[in-house]
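Chemist: This is the structure I want to talk about, given as structure tokens.
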Ligand code: NA
Ligand code: NA
């Protein structure tokens with residue numbers, strides 16, 4: 001019989017994730033199942049609740065499929081947070097592959113009642129400012145910056161900026177009035193909020209060093225819903241999830257940079273590449289974050305130091321394999 | 001019974017107002033510090049979100065006690081008071097049901113969030129506090145509405161006139 | 001039963017319950033919950049409800065509502081509103097409807113710092129209603145003015161619905177705000193014109209006073225300097241980038257409290273009344289939100305708004321007629337739905353289709369902005385149109401002695417100007433796009 005899966009997520013229908021990930025995935029499973037599997041997509045949280053509640057909604061079977069950021073629910077996925085530490089990932093693709101392997105080894109128990117179909121990270125996060133460029137560590141001093149995750153908040157404070165908390169949709173108004181001086185984000189969400197029209201300076205980091213920051217995504221299904229599917233439909237889901245699929249989505253995020261970056265170039269915005277030598281100071285300044293993450297995770301009975309090392313090894317492995 | 005609920009609702013509303021004032025003062029301090037020494041109060045947005053949510057939940061029982069929850073009386077104006085009492089009893093009962101359901105489910109949500117160790121992003125405050133803090137206000141609202149329904153039924157039997165808004 | 005039938009039953013059930021004196025919140029919640037339960041298996045409804053109270057009450061954008069209400073209460077209990085309206089009466093009290101016009105102007109000024117129409121109507125009503133009553137204004141005119149004036153909270157930037165539209169359609173919020181400027185001012189002028197005409201036709205609605213001599217006018221003006229200071233601080237702070245609009249609400253509340261203390265009129269009893277008044281109105285508003293949330297989650301599952309929108313954009317008529325039909329759909333939906341959810345459930349379908357139409361030869365960005373302003377206009381209409389007009393509810397919760405039917409009657413001429421303005425925007429996109437070409 002036909003099965004309709006409620007697919008609840010955070011993006012609007014034009015967003016890159018909707019067009020290049022969610023829609024194609026739904027079309028693919030419909031095709032592979034001969035029309036027996038269908039999505040009912042509920043974009044932009046229209047099914048109710050908040051983005052942090054998505055993990056509970058999929059676990060409880062309110063939604064069948066969700067994509068969310070474990071980082072929304074601080075403290076709940078301590079293991080996966082390792083990829084949100086500064087200066088870890090180099091590309092979304094390598095990050096996705098490393099995150100998938102790491103998830104299998106350490107983090108599956110963080111998702112009870114949930115079948116994780118894929119996990120990935122976004123491409124490199126950069127610094128975008130309104131009135132003055134950020135070139136050295138000293139330039140952070142006194143900047144009011146909006147940060148997207150728990151770790152980036154701590155990072156910005158360590159670098160000398162003062163982190164300002166606000167939801168993503170509040171950024172355009174805040175930056176255009178100067179309530180904040182800048183923010184850290186990867187390229188992809190900038191055009192969707194027209195942020196390239198509200199800042200002038202973009203500081204990118206030398207590609208020989210890992211990304212200033214990244215955030216983890218999880219694509220998950222309600223376990224009971226999966227278990228209730230007949231074997232041939234389970235196979236369809238299996239074929240459209242897992243390590244290879246995660247890698248594929250990572251690639252989509254890597255590919256998202258170009259268009260967004262070009263929009264900023266076309267505006268005549270100023271770009272600065274922070275050189276490796278300068279970045280090394282930043283890495284040094286952010287060192288306390290690793291210790292505090294290891295401490296936290298160890299405190300919850302996990303081999304923190306080992307996990308951090310494994311994450312780094314996996315990232316290195318897939319980086320060289322690229 | 002109603003007298004105790006009345007006192008409690010009044011106390012809750014006081015607390016709600018005090019919490020809202022606290023949020024306002026905290027925000028003003030944060031804004032001032034940010035302007036003066038570029039160092040706002042950490043987690044001010046979170047505190048606002050949690051504080052205002054708590055404040056509103058504490059205000060709910062008082063609003064119900066004062067019959068401030070809006071009803072449309074246009075279509076039933078011509079009906080006898082007795083019928084209107086019965087309708088009000090049914091309305092209060094449905095509102096009691098809604099609030100009781102929300103209070104119960106929010107408490108269950110609190111347990112789940114606690115077991116998941118969820119915290120707020122910046123301050124790392126336990127997220128289950130946010131859930132748990134909303135339950136008392138919702139539960140008291142359900143109680144108030146339940147007692148009101150019972151009184152409306154009695155009034156329907158007695159044939160007493162309809163109370164105006166703002167009366168218990 | 002298929003989802004569409006369930007959706008239809010939910011609407012009908014809601015309207016029946018509303019007509020039968022069931023509190024609006026429960027009248028939305030109960031059919032919504034039953035519909036949700038009918039459409040899902042197992043405990044989905046119960047699990048959906050685990051997070052819904054937290055989800056709605058912690059929305060940062062809505063945190064302004066209790067804060068602005070508190071500000072309005074402090075202003076009223078501290079005698080600031082009275083001073084403000086004494087000054088207004090001194091200058092315009094001899095004009096027919098002068099105080100109502102002053103109320104519209106204050107709503108517009110308040111709308112320039114507050115992005116929510118509910119917060120605007122609640123605050124302005126607390127401030128202005130007692131004064132209009134004291135000056136002998138008829139309840140119908142007073143409440144209708146305040147309910148309609150409250151929509152200036154969203155029609156004049158900043159505006160929460162426009163922010164939602166900008167996010168859903170990936171548009172520049174600064175340009176949308178600029179585009180809303182002229183329509184917002186037109187709305188204000190339209191409301192003032194309505195008051196002038198209504199007061200001429202029905203002089204018994206407002207009684208003008210004798211003109212105040214100029215020396216007394218200046219003296220009355222002196223009395224309002226604390227309000228002016230608070231307003232300048234909030235306005236300057238928001239537009240000067242010192243704080244965000246939400247933070248501005250907190251600054252306004254604290255500033256008004258201090259100003260009221262300065263006048264030595266705010267005592268313990270006044271503070272108590274401020275708290276209780278704030279409690280009543282903010283709880284009433286959020287209770288409706290809690291009910292509407294349940295309704296909306298169910299409506300999203302029925303896909304009814306989506307299917308309606310889909311059908312609409314494929315009508316075989318001229319592009320402009322489709323846009324007009326969409327506006328009508330929004331006005332109709334807005335009568336029974338909460339406006340933000342209405343956008344959330346339909347814009348994702350409508351927007352891409354609208355972008356595919358040729359409309360006045362506009363380029364995609366201008367088309368998107370123009371359509372956004374049109375949507376904003378209809379959202380404004382939905383806030384005061386019966387039977388679910390949130391602004392009317394808010395005003396009536398403060399002005400308890402005025403029957404809601406009276407307010408709706410009074411709102412009609414204001415709604416006429418809303419419709420006229422929307423039609424004007426439809427035919428003259430330059431009314432909203434002109435400023436953008438100037439600024440950007
Ligand atoms: Na506004
Ligand atoms: Na409406």
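Cβ coordinates are placed from backbone N, Cα and C, and glycine is handled just like the others.
Automated prediction, rather than curation, is the source of TrEMBL annotations.
Below, the features straight out of TrEMBL:
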- C:7-33: transmembrane segment (TRANSMEM)
- C:11-430: domain 'TRAP C4-dicarboxylate transport system permease DctM subunit' (DOMAIN)
- C:141-167: transmembrane segment (TRANSMEM)
- C:173-199: transmembrane segment (TRANSMEM)
- C:220-239: transmembrane segment (TRANSMEM)
- C:283-301: transmembrane segment (TRANSMEM)
- C:313-333: transmembrane segment (TRANSMEM)
- C:340-362: transmembrane segment (TRANSMEM)
- C:368-394: transmembrane segment (TRANSMEM)
- C:415-439: transmembrane segment (TRANSMEM)
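Can you walk me through where each of these features ends up in the structure?
Modeler: Sequence-distant contacts of the transmembrane segment (C:7-33), counting only residues of its own chain at least 6 positions beyond either end whose CB sits under 8 Å from a CB of the stretch, comprise 45, 49, 287-288, 290-292, 294-299, 302, 304, 336, 387-388, 393.
For the transmembrane segment (C:173-199), the residues of the chain that approach it from at least six positions outside its boundaries are 96-97, 100-101, 104-105, 107-108, 111, 141, 145, 148-149, 151-152, 155-159, 162-163, 165-166, 205-206, 365, 369-370, 372-373, 376-377, 380, 413-414, 416-418, 420-421, 424-425, 431-436, 439-440, judged by C-beta separation under 8 angstroms.
Listed as Cβ neighbours of the transmembrane segment (C:283-301) (distance under 8 Å, sequence separation of 6 or more from its ends, same chain) are residues 3, 6-7, 10, 14, 23-29, 31-33, 35-36, 39-40, 48-49, 52-53, 55-57, 62, 65, 118, 122, 337-338, 341, 344-345, 390, 393-394, 397.
Sequence-distant contacts of the transmembrane segment (C:368-394) (same chain, at least 6 residues past either end, Cβ-Cβ under 8 Å): 15, 18, 24, 117-118, 121-122, 125, 143, 147-148, 150-151, 154-155, 159, 161-162, 165-166, 169, 171, 175-176, 179-180, 183, 187, 281, 284-285, 288, 323, 327, 330-331, 333-339, 342-343, 347, 351, 354-355, 359, 362, 404, 407-408, 411, 414-415, 418-419, 421-422, 425-426, 429, 432-433, 436.
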Chemist: If you count every Cβ pair below 8 Å, which range out of C:220-239, C:313-333, C:340-362, C:415-439 shares the most with the transmembrane segment (C:141-167)?
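Modeler: Checked against C:220-239, C:313-333, C:340-362, C:415-439; highest Cβ contact count belongs to C:340-362.
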Chemist: How about long-range neighbours of the transmembrane segment (C:415-439): same chain, 6 or more residues beyond its ends, C-beta under 8 Å?
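Modeler: For the transmembrane segment (C:415-439), the list is 148, 151, 175, 178-183, 186-187, 190-191, 193-194, 320, 323-324, 327, 359-360, 362, 366, 369-370, 373-374, 377-378, 380-381, 384-385.
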Chemist: Given the model, what does the mean pLDDT over the domain 'TRAP C4-dicarboxylate transport system permease DctM subunit' (C:11-430) come out as?
Modeler: 89
